[in-house]
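What follows is a single structure, written as structure tokens, with notes after it.
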Amino acid sequence: MTQPVLDIQQLHLSFPGFNGDVHALNNVSLQINRGEIVGLVGESGSGKSVTAMLIMRLLPTGSYCVHRGQISLLGEDVLNAREKQLRQWRGARVAMIFQEPMTALNPTRRIGLQMMDVIRHHQPISRREARAKAIDLLEEMQIPDAVEVMSRYPFELSGGMRQRVMIALAFSCEPQLIIADEPTTALDVTVQLQVLRLLKHKARASGTAVLFISHDMAVVSQLCDSVYVMYAGSVIESGVTADVIHHPRHPYTIGLLQCAPEHGVPRQLLPAIPGTVPNLTHLPDGCAFRDRCYAAGAQCENVPALTACGDNNQRCACWYPQQEVISV
């Protein structure tokens, strides 16, 4: 069996707080294979970005506690890796595309210098070779006048251009995994589509695995091979993207999809999931979604496991899986 690029198993993480520990991740398991584009979906506070930052080991030291679980990157232990090893991995094995490129790029340095620094940090090549590679990467991202862009500062580029630069940077050292944390949220819809197409094309051409984090099921449906849905720090459904979107089993996934506006239907009243997300400091016993769930029953007083509930290895953490059919 082929070794997965990323393998997360039964991860539990909390942050200390004045009113008790905040249980940000609860028994999270996730796998990504070479060349696969996987979506991680959920509303704000569900644990998506915490998962991404932990994979990169970018959470401040001492600010969190991993109670149990493991993260393996190409078979190597991420959680116990030393800082020197992490510096070698970041960029070369795993890279990240952040939501807001203006805060990710250095505003005081020209684009070309930033790209060349990253390339030469991981590859023993000359400045001339690094410059040529940077220009090639920018041209692959369909950036016009790539040579001119090399001499510009981030603030001189549009949001879409900056995000293309970030994608080029992420691929610059040919990592096996790229984590894209809502990279198109701040972009116009037309620019968003262009950036997604570039990301997908480059990932397919290079065989790079991608973990794509989003709250938008429509975006995920265009890009991802499979999807994991998170709620209150837990994965509550996973499977092939088409199966999860058109045949969701978990009531939360169904609610998430029904909240999306339909194209061509003007002034519709959107349905909403009743109630609020539970306090992660004091999670309820049993299923975290049961107080908001229309299908809740007596079994929901116990925590459900993520088990098979459909075709193509679709799984959901629900005692009463649904048979909903959604048109998206």
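Numbering starts at 1 and runs along the chain as displayed.
Cβ from N, Cα, C; glycine included.
What Swiss-Prot records for this protein:
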BINDING   Gly42, Glu43, Ser44, Gly45, Ser46, Gly47, Lys48, Ser49  ATP binding site
DOMAIN    6-257  domain 'ABC transporter'
Which residue, out of the binding-site residues Ser44, Ser46, Ser49, shows the minimum number of other Cβ atoms inside 10 Å of its Cβ in this structure? Ser44
Specify the secondary structure state of Lys48 (ATP binding site) as given by DSSP, simplified to three classes. helix
Tell me whether Glu43 (ATP binding site) sits in a helix, a strand or coil according to DSSP. coil
Row Gly42 (ATP binding site), column other C-beta within 10 angstroms, all chains, value 26
Please determine which of the binding-site residues listed here (Gly45, Gly47) has the lowest count of neighbouring CB atoms within 10 Å. Gly45
Counting only residues 6+ away in sequence within the same chain, which have a CB under 8 Å from the CB of Glu43 (ATP binding site)? His215, Tyr231, Leu256, Val277
Number of Cβ atoms other than its own within 10 Å, given for Lys48 (ATP binding site): 23
Beyond Gly42, Glu43, Ser44, Gly45, Ser46, Gly47, Lys48, Ser49, what residues of that chain have CB atoms within 8 A of the centre of the ATP site's CB atoms? Val50, His215, Met230
